[in-house]
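As written in TrEMBL, here are the features:
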DOMAIN    1-147  domain 'Myosin motor'
BINDING   GLY90, GLU91, SER92, GLY93, ALA94, GLY95, LYS96, THR97  ATP binding site
Amino acid sequence: MTKLSYLHEPGVLHNLAMRYELNEIYTYTGNILIAINPFQRLPHLYDTHMMEQYKGAAFGELNPHVFAVADVAYRAMMNEGKSNSILVSGESGAGKTETTKMLMRYLAYLGGRSGVEGRTVEQQVLESNPVLEAFGNAKTVRNNNSR
Ligand SMILES: Nc1ncnc2c1ncn2[C@@H]1O[C@H](COP(=O)(O)OP(=O)(O)OP(=O)(O)O)[C@@H](O)[C@H]1O
């Protein structure tokens, strides 16, 4: 986004809309990731092959993606030995919960080892989500699964 010749609101919105039409729901503006809710499943964006690609790739080398943000945070944590935070913000229904699930999935994939009873840490973390959602989420006018 920062490479646009004219950085003004119409240009920014047009760029996001054109990318969205191609199912390119992620766009960088500097090192911030903008995600637009696709309101449809895009499994090819989140499969194991994608996770493998983003693992250790330099930020900006591949298409903008939530995995790239998670990868930078994970590597900074490992290299510097300090905690890292990823801020996910947006209005109700924007996709924060789904985005966070993808972040968790990728982080569990990076840090996971085969665990108890043959189930990986990744599986265990992800399997806890429906339980947490059952107690913590509710349907609202803006989101069927609001937190
Ligand atoms: N990356 C995505 N891929 C597919 N569907 C998505 C994605 N992000 C959001 N959605 C869809 O949009 C719905 C609302 O998203 P989500 O629950 O993540 O919003 P939210 O920002 O957490 O809202 P709230 O603040 O109300 O909890 C999801 O139930 C899902 O159907």
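Cβ coordinates are placed from backbone N, Cα and C, and glycine is handled just like the others.
Values in this document were obtained by computation on a predicted structure and should not be read as measured data.
In sequence order, ALA35, LYS96 are the residues near GLY90 (ATP binding site), counting only same-chain partners six or more apart with C-beta under 8 A. Applying an 8 A CB threshold to same-chain residues 6+ apart, the list for ALA94 (ATP binding site) reads ALA35, ASN37. Under a cutoff of 8 A between CB atoms, and with a sequence separation of 6+ in the same chain, the neighbours of GLU91 (ATP binding site) are ARG142. Within the set of binding-site residues (SER92, THR97), the lowest number of other Cβ atoms found within 10 Å of a Cβ is recorded at SER92. Taking a C-beta cut-off of under 8 angstroms and a sequence separation of 6 or more, GLY93 (ATP binding site) has the following same-chain neighbours: ASN37, ARG142, ASN143, SER146. Each of the binding-site residues GLY95, LYS96 was ranked by the number of other C-beta atoms within 10 Å, and first place falls to GLY95.
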